Amino acid sequence: MKDKVRVAVVGGSGYTGGELLRILVTHPKTEISVITSREYAGKPVSLIHPNLRGLISLNFTNFSIDKISDKADAIFLALPHGVSLNYAPKLLDLGLTVVDLSADFRLKNPELYKIWYNYEHPYPDLLDKAVYGLPELHYEELKNAKLIASPGCNATATILALAPIVATKITDEKKFISDVKVGSSEGGAKPSEGSHHPERQNAIRPYEAEGHRHAAEAEQELSRIAKANISVSIVPHAVSSIRGALASAHTWLTNELEEIEIWKKIAEFYRGKRFIRIIRGNIHPYPDPKFVIGSNFADIGFAVEKRISRLTTFSAIDNLMKGAAGQAVQAFNISMGFNEDDGLKLVPLRPA
């Protein structure tokens, strides 16, 4: 292997692309060789990402598969849903490792793309080959993976909250509700009526409450763990913070367990997981996205309302890090045989 892996970031002008660059520019084993943007081709990267001044001297270029294959060993696709699938097959044929941050290869059942994304998937064979890039659940499969499907942020928060619950049979319930509060950066760099600052500030606004498409990912992964059909309703809420996502996942206890037993089961499930922190019994008793901002950590906690046997598990992440770019690099590291935390030894910001 070369001293450093040459990486390309396709779609490098958005928030997720910029976050990938922020991580990769200090990664000890990568060299950023190509950064593409159709809109800003020819312009300096630091013009669009001023936080990278003095760190990246490259200009954005137009995306060309043939040219990029000569300059890169691995490629991160930070593109809209339905776009990456047009490029991934040829990139794989050219021998590149592909990390796709869209939803195009996350779901194993091609029929689900008709339901949730309104298109028929043209490469169902690649869905079988793609590895869902949640390292806490797929670490071994990610080793030497060539096509990584990086999870969605709301799906990540929900799955991390519920995985230990279904895996360790803390409850026999098969239906869960995940209430996710998420910051405005989830909406991307291009403002819309819903993400425009005057409209978003001071808002707590539910959206896609009748069925959020990240539920398909959550059900797929949780059903696999539980070896049973799990149903998840994800109800996201847009809040006025810029970064961060908090999933509060609700269910009912069907088994008589003391809280210490629940804590032990969750802690054991996540034992040795580099970026999982279990939050319990301090002056900040529940996970809060404020304390993971800028990092790849996921803080996990829970609460039991004994009166009605309600169990709520919490998962706090930075939606641009563990919910997007950070997790993508974490999965990439594993696929390359690097240290899992290369480029990701980032301390959360405080205050944030």
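Numbers here mean position along the shown chain, with the first residue as 1.
Even glycines carry a Cβ here, placed using N, Cα and C.
Feature annotations, courtesy of Swiss-Prot:
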{"type": "BINDING", "residues": "SER13, GLY14, TYR15, THR16, ASN319", "note": "NADP(+) binding site"}
{"type": "ACT_SITE", "residues": "CYS153", "note": "active site"}
Per-residue Cβ crowding (10 Å cut-off), top of binding-site residues SER13, THR16, ASN319: ASN319
List of residues, in chain order, with Cβ under 8 A from that of GLY14 (NADP(+) binding site) and at least 6 apart: ALA78, GLY188, ALA189, LYS190
Among TYR15, CYS153, which are recorded positions, the residue with the most C-beta atoms within 10 angstroms of its C-beta: CYS153
Cα-proximity to the residue listed as 'active site', 10 Å cut-off, over binding-site residues SER13, TYR15, ASN319: ASN319
Assigned conformation of ASN319 (NADP(+) binding site) - DSSP reduced to three states: coil
Taking residues SER13, GLY14, TYR15, THR16, ASN319, which bind NADP(+) in the record, the widest Cα spacing (Å, whole number): 17
Coarse DSSP state, helix versus strand versus coil, of GLY14 (NADP(+) binding site): coil
Collapsed DSSP category at CYS153 (active site): helix
